[in-house]
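First comes the structure, then the notes that go with it.
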Amino acid sequence: MFSALKKLVGSEQAPGRDKNIPAGLQSMNQALQRRFAKGVQYNMKIVIRGDRNTGKTALWHRLQGKKFVEEYIPTQEIQVTSIHWNYKTTDDVVKVEVWDVVDKGKCKKRGDGLKTENDPQEAESELALDAEFLDVYKNCNGVVMMFDITKQWTFNYVLRELPKVPTHVPVCVLGNYRDMGEHRVILPDDVRDFIEHLDRPPGSSYFRYAESSMKNSFGLKYLHKFFNIPFLQLQRETLLRQLETNQLDIDATLEELSVQQETEDQNYSIFLEMMEARSRGHASPLAANGQSPSSGSQSPVVPPSAVSTGSSSPSTPQPAPQLSLGVSSTCPSAPSPVPSLEAMPSSVHSSAPAPTPAPAPAPAQRRSIISRLFGTSPAAEVTPSPPEPAPALEAPARVQNVEDFVPEDGLDRSFLEDTSVPKDKKVGAKGPQQDSDSDDGEALGGNPMVAGFQDDVDIEDQTHGKSLLPSDPMPSKNISLSSEEEAEGLAGHPRVAPQQCSEPETKWSSTKVSHPQKKRAPTRGTPPWSDGLTTDDSERPQEGKDKQVSSESDPEGPIAAQMLSFVMDDPDFESDESDTQRRMGRFPVREDLSDVTDEDTGPAQPPPPSKLPGAFRLKNDSDLFGLGLEEMGPKESSDEDRDSKLPSKEKKKKKKKSKEEEEKTTKKKSKHKKSKDKEEGKEDRKKKRKPPRSKEQKAADELEAFLGGGAPGSRHPGGGDYEEL
């Protein structure tokens with residue numbers, strides 16, 4: 001039976017296994033499982049008894065909240081279920097088990113196949129779960145006795161069974177089939193008279209009579225309230241058991257107190273002796289850790305002003321030879337029951353090998369251990385052994401005052417840190433250095449285990465500093481702009497960002513040859529709306545002469561500045577290529593005239609290929625500054641070569657330059673021809689590599705005069721930087 005009950009109140013079985021549950025058993029409701037999972041305080045058992053066909057199973061279903069079934073299906077075995085019920089509005093979790101009891105069960109063997117023959121002996125051999133097999137009143141808290149008011153023999157069953165009910169169990173006699181009252185044969189007065197005259201011993205439980213109808217749920221509310229009596233009775237029994245347990249606990253405690261009164265713990269003289277013995281037993285192990293067991297002082301009272309940062313550093317341990325007498329005279333705040341100082345060194349000396357693995361120390365070393373004793377704190381228990389304890393014992397005895405005493409590395413340095421007395425630094429510099437964990441060791445040599453304020457370089461500091469370089473303006477390249485040109489550059493568009501020099505530095509010698517071509521570029525590309533147009537036009541003859549007489553020491557400053565002013569004044573300069581190179585620029589110093597002007601210079605007479613040095617320019621079609629080259633490149637190259645060879649024809653050159661400026665303004669309107677101009681510019685750059693170097697020596701004086709005239713490039717250019725590299 002108990003195994004069946006465990007299966008009943010256990011976890012719900014899978015739906016596929018419901019068919020395997022034997023008769024009389026069922027799975028528990030999910031809501032009940034969640035409620036009972038928190039813990040059940042009371043288990044109440046209600047038994048429904050009665051003759052056949054009196055409505056026991058109908059009541060059992062109704063208590064579960066199920067519907068009423070008209071047809072009669074005889075119950076073969078006892079059925080048990082749990083229902084929702086609680087006493088009024090209390091929070092007590094009550095598990096109510098309702099038993100549908102069958103007096104005589106019939107267990108039928110269920111076979112998989114068809115029944116072929118009758119075998120009554122086999123059927124009788126199996127036991128059924130019924131009232132004959134179980135004692136249904138065991139641990140029962142309430143009984144519902146049912147009968148049919150239309151059948152007399154059902155009431156006779158009640159008359160037979162009521163005397164068998166235990167006297168302490170409350171009983172509710174329920175007359176069912178109240179909906180068929182016109183056919184009733186048992187009157188309510190007959191039942192009440194029988195209950196009143198029932199012979200029950202005094203102190204027995206209660207009997208109540210009620211009528212019900214399972215068809216229309218009449219009487220269920222009364223029955224629901226009747227369950228309060230079994231519950232309150234169960235609660236009283238539980239409380240009585242708790243009271244009994246409480247009384248037993250009181251008696252046991254009184255007996256323990258009587259025994260405790262006679263023990264040694266209640267004898268004061270014995271208690272004092274035990275305390276003294278315990279204090280002597282704990283003296284030596286605690287002294288090794290730097291504590292005095294009988295006294296509450298764990299470190300000497302040292303004025304904070306007597307300790308400086310340098311003397312409190314872990315690198316300068318200072319022993320105190322005469323500290324034992326000084327501390328005893330200058331520390332009245334320590335508790336009085338301190339052992340005598342004569343007995344203290346002996347106890348400390350006996351436990352000295354624990355913190356310091358050195359051999360037996362000398363008397364001078366013993367005093368240093370005493371200083372070590374008073375200098376330690378509870379923190380010393382965590383790290384009892386310093387890395388180098390030996391130098392502390394061998395240090396000379398020079399401290400003459402308690403104010404000069406410095407505790408050892410057991411104390412927290414921040415506790416006594418003060419910078420008011422700088423004289424301790426002299427004494428601190430003489431002691432050997434020791435490693436420690438404190439952060440005050442920067443006074444002498446720094447503590448390797450503690451980082452400084454900014455020892456680690458943040459990654460953000462490096463990335464920000466590097467990313468800001470390409471966005472710097474051009475004056476960082478030793479190229480200055482006039483005030484007019486700077487105004488145009490700021491009003492028109494952003495300044496030119498430094499461009500990355502993608503050529504190797506090993507081929508820099510070729511740029512010395514290309515200096516004359518660099519000077520010629522501004523004369524061709526300067527727009528007519530530039531403010532510096534008159535200055536550029538007035539200097540055209542000198543530039544024509546510079547092509548022939550420029551030397552390797554040519555400063556290149558004026559031409560570079562003019563080229564830069566032209567580029568910054570050009571509204572069509574904002575190209576994708578320039579934006580890409582502005583983002584890619586990593587070496588802003590590399591931005592020099594070689595990158596600025598070689599791709600925009602006018603075409604020159606192609607020298608013999610044998611004189612060409614190693615290729616320095618890029619082999620791509622890209623125009624760094626987004627400037628369109630004219631289709632008249634070959635014609636201009638021939639004209640400019642003729643002009644460079646004939647420096648006397650300056651007027652003709654001015655006319656040519658004005659014509660080129662007009663062509664430049666027309667070309668800016670048609671940007672779709674830039675790709676074709678880039679190809680021509682690439683061919684022209686290959687032709688202009690080698691100008692005559694013998695004519696470069698004549699340009700120094702004229703460039704100085706040109707610089708003195710207030711040219712925009714008065715500052716020394718960055719070409720010298722490349723030569724130095």
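Just so you know, glycine gets a Cβ as well, placed from its N, Cα and C.
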| query | Where does Swiss-Prot put phosphoserine, among S204, S328, S594? | reply | S594
| If Swiss-Prot marks one of T263, T463, T511, T597 as phosphothreonine, which residue does it mark? | T597
| Of S11, S420, S482, which one does Swiss-Prot label phosphoserine? | S482
| request: Among the binding-site residues R52, D100, R178, point out the residue whose Cβ has the most other Cβ atoms within 10 Å, with all shown protein chains included in the count. | output: D100
| request: Output, ordered by sequence, the same-chain residues six or more apart from K56 (GTP binding site) with a CB under 8 Å from its CB, or 'none'. | output: I48, R49, G50, T75, D100, V101, M146
| note | Candidates G50, T54, V102, K104 (binding-site residues); min other-Cβ count within 10 Å returns K104
| remark: Simplified to three states, DSSP reports G50 (GTP binding site) as strand
